[in-house]
């Protein structure tokens with residue numbers, strides 16, 4: 001069944017990636033029923049010029065200025081400006097690599113599963129040594145806690161996943177993305193969508209590749225923001241916190257507490273020692289599996305991910321006020 005499709009790529013300083021992403025998405029065919037909108041949040045690296053040139057070369061590619069800069073705001077604005085005739089919204093990211101039939105596959109799954117939203121697994125891919133280690137550990141339970149959309153192999157209806165496609169009706173009925181969220185706006189949206197009766201399907205056969213952060217500092221900033229965003233989602237939607245997310249801040253608090261109190265009770269150091277042992281074993285297993293010494297960097301990478309996420313979670317609770325969301329009429 002033919003559908004009008006709006007493909008939105010929110011960007012900020014993605015000159016090194018945007019052309020590849022747009023060309024990959026355009027391989028699936030752009031015509032009067034499909035368009036790609038690049039919502040630029042004020043890039044200073046030449047990204048807008050690249051998109052304008054692509055628009056001259058490829059029919060259906062448009063540049064949209066996103067004055068609020070945030071991804072959530074950029075997607076909402078694209079739907080407002082270009083979505084009048086659209087039936088399906090496809091969200092893409094500049095740091096991902098997409099298969100040639102990506103959009104067509106999403107539309108097929110939307111129809112076959114009668115879903116309101118289709119989410120997909122992300123397979124992390126690295127180039128440098130640290131980036132490889134981050135990618136490898138991200139696809140393990142130590143790195144992602146077993147999150148279904150992190151390298152998942154099983155399809156089915158889920159609570160949340162990496163946003164790929166959804167019906168415009170469901171997007172609008174749920175209220176779009178919350179533009180006050182700098183991170184975790186997708187998970188917060190999914191809480192509203194599910195509460196309104198929406199169905200989210202994870203298709204493990206439609207996969208994309210993701211390039212993780214390549215330095216410890218950028219990795220720490222990313223996961224700090226993830227944790228801070230999740231803390232807002234949990235307070236807005238009580239009961240949405242999953243066990244794997246609860247364990248991270250709890251573990252970090254206990255570990256730091258054990259270190260502080262260890263002069264008076266040395267046995268408390270058993271906890272951080274056990275944690276390091278688990279990370280070390282995981283790193284060695286990754287190094288052996290991939291036959292690369294780079295795998296040993298999974299130990300510090302995982303520690304950075306855990307502690308940054310937990311600190312962001314605590315910071316969000318202490319510094320950001322948040323009210324509970326109230327349900328409105330359901331998705332039809």
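Even glycines carry a Cβ here, placed using N, Cα and C.
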Residues flagged as transmembrane segment in TrEMBL, choosing from 245-266, 267-288
267-288
Beyond a gap of at least 6 residues from its ends, the CB atoms lying under 8 Å from the transmembrane segment (295-318) belong to 129-130, 132-134, 136-138, 142-143, 216, 219-232, 235, 248-249, 251-253, 276, 279-280, 282-289
